[in-house]
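Among the features that TrEMBL reports, domain 'Glycosyl hydrolase family 13 catalytic' is placed at 255-614. Marked as active site, nucleophile by TrEMBL: D412. Among the features that TrEMBL reports, active site, proton donor is placed at E464. Annotation source TrEMBL lists compositional bias 'Basic and acidic residues' at 785-814, 823-844. For 785-857, the entry in TrEMBL reads region 'Disordered'. Under the heading compositional bias 'Basic residues', TrEMBL lists 845-857.
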Amino acid sequence: MGNDNLLMEKQFELLEQGTLATPHSILGPHLLNQGEKQIIRVFCPGAKQIVVVDLKDEKNYPLYFKGYQGLFEGVIEDKQEKFLYKLICEDDEGHTWSYIDPYQFDSTFTEDDLYLFGIGKDYEVYDKLGAHFIKVNGVEGVRFALWAPHAKRVSVIGDFNNWDGRRHPMRQIANQGIWELFVPGLAEGDLYKFELRTKTGELLYKTDPYANYYEVRPNNAAVVYDMRKYKWKDTKWMNARTKKAPYKEAVSIYEVHIGSWKKHDNGEFYTYREAADELAHYVKEMGYTHVELMGIVEHPFDGSWGYQVTGYFAPTSRYGSPDDFRYFVEMMHKNNIGVLLDWVPAHFPKDAFALEKFDGEALYEKANEKEAWHPHWGTLIFDYGKPQVSLFLIGSALSWLECYHIDGLRVDAVASMLYLDYGREGDFIPNQYGGKENLEAIAFLKQLNEVAYSKVPGIMMIAEESTAWPKVSYAVSEGGLGFGFKWNMGWMNDFLSYMKTPPADRTREHGKITFSLMYAFSENFIQVLSHDEVVHGKASMIYKMPGERLEKFAHLRVAYGYMYAHPGKKMLFMGDEFAQTKEWNEAVALDWDLLNDKEHQGISAWVKALNKLYTSEKALWETGNGYENFEWIDCENREQSIISFLRRNVETGEELVVVINFKTASYTDYRIGVPTLANYEELLSSDAALYGGSNALNGVVKATETGWHGRPYSIEITIPPLSMMVFKAKKKSVKKNTKSVKSATDKDMKEVATEVVANAIPAKKTIKSKKDKEIEKAVVLPKTKETKAKDAKAKETKSKETKTKDTKTKETKTKVKQQASNKTEEIIVKEKASPLVSTEEKKTAGKTKKNVSKAKK
């Protein structure tokens, strides 16, 4: 007994000093003499006397001061079994308080929980670690749990204990480094942190890495939040999601930063609930299928745009609570809009209150400082080789997909994860085989994607990967990383470089606009124009375009038209859809007043029309088997910078003919080879007056049996300057030649399954008059509460279109050479007078005229 007493005294001393790792071993109820009686010990600094009250029979048992500051104990003679009790405490000034003793409860972690956590496969870890309301033995409370294997002692501190680390020390469970404490009686909204004593005796104050909610920055305490109470109303969407295969569907994404999409007049943010109604209406009316949200995962610094995360399981409190964010997601789903989230597992910031050296040693980051440091961003790199760290990240991903009904994650900076030498210019520590590949990160990404797709079917896992790493969007079983999609950064860089080039110089840059089709089906690509392209001096999309004002808008219409006609899913950053003039600034709302300007209205109407065409025409989004869905008509006309191609609905055989003119010259009677002898309807033209063009439209053109571009039939069309047109053969065709001639690049690069979906083709009407009124009707403004009543009334009345005769533009005939697939064929080209035709191009056209002979008809 002497040794036992000495051991007990030692534990009392450690408890008083705040270094005891096993407080439950001495605190709470303990049976004596093989259950004949029991002793209850309580540690409550500041108390003068304490009474135990049986919660069942309300019998009282006094405790006595033990001699150590705050330590009381008492023997219960008449109760042979443990019972639930509360404590009534009184201090020297006569103040009393009561609480249910946390140390009377056993651990709620099972052996399976601990085992799965240790090997990194407890995929419901977001329900285990952190702070969660649970019920133990009929008592409601909050279970706090934390992973801190190097700490000597961990306490939970908060409003409920005056931030005193002595009052609620946590128990360390087994050898997994998990600390746990169940605290009854806490309320939603209570603030808390963890106090950790390191091996060197230093005290650290850390916020909860697994918290569901945090204080609004600059404060950083975690907030107790009841995640059980929200009643979802998006069952229909969620049930349908399980059957979805997004790579087989139309996907047009609107990238949004809620904090700067719109602001109140006083500069305050919209809340999640305020943004939900307006944004859902706007996105739906513009025809997008998804929103991708930036800056939602909790982060302390606004200027990081949400890419330096400290709270991986919490929506930022800038805009509201977790349930407010759930309402936002639900509102999107009610409007048939998917919600994607930017998610950052590549690195984390060095904020002292968060993950850095969490328990006094490198825990979430690599122990080697050279490997841990991220040279690009001054942040820290996760140690993916630790199962618990990989589980932390996978648990975060699953919490968004399952607890918040997020429909997909866009994984940021994947390239920086894949390469050990990323940003290090040769100064790196190679892997075990001497290579530069980060094998641990690769294994993590594969595990992440396999788990996400298996547990949450129908979602999208998207990689922002900027290198030529192979098979990013292939299944792990096929040697891939397991993502569903990859941002097409190669296309984006070439495309923007080409569009910034003055038209007269585009001849030598022609390959930049066609090269992407060499690899377009090597991955499941998303064509993106993201926030990264309109910041840091890169200029807004409209100001990237060359020329004077009107020419810039024509260029932008062409740019977006090409993007939507190109194979791949689509993503456009907010503000780009109406030609925001300023670079994006996270602190300032978009310039919505620009929509009072006709040219900006035209861009908005054009993007809306592109979304409508894209989502309604399966040929534009069906994956098919690679090049079965795409076929060049003419990709070699570099002199005139005109390209043309087919987009094909593989199942029905329906084809769209896309013609794009990247220069400021215009043409009439321009011949294009087509596969079908039919009447071709112009479904869309960027030159329509509705979008800000000159209204040089084609309407319906009839194919003839004149072979062209290696095809048996052809059509003659008017091509306005800087224009994009889409034609479709009317269903009652005369004759179709099924033996189309494919180019050398038309071969399958990747097999992707097809889906049988019947889509109605919207009727196409040519607007020929009342330009201003039609533009106003096409433009979508963010819906406010004040306009909802008017909108509802307006929907009851259909506007009538008044047709007037088109104003014919004066034309002068000029003969120029057409660079077609068949170099011996020639056509007559009529140059139309246009304010977009440059003097230099007029001179070029004049020189070319001498070498042109009359085409055969």
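The chain as shown is numbered from 1 upward.
Heads up, the Cβ atoms here are built off N, Cα and C, so glycines get one too.
Cα to Cα, E464 (active site, proton donor) and the residue listed as 'active site, nucleophile' are separated by 5 Å. Within 10 Å of the C-beta of E464 (active site, proton donor) we count 20 further C-beta atoms, all protein chains included. Here the residue listed as 'active site, nucleophile' comes close to Y307, D342, W343, V344, P345, A346, E464: these same-chain residues lie at least six apart in sequence, with C-beta atoms under 8 angstroms from its C-beta. As a whole-number mean, the pLDDT of the domain 'Glycosyl hydrolase family 13 catalytic' (255-614) in this prediction is 96.
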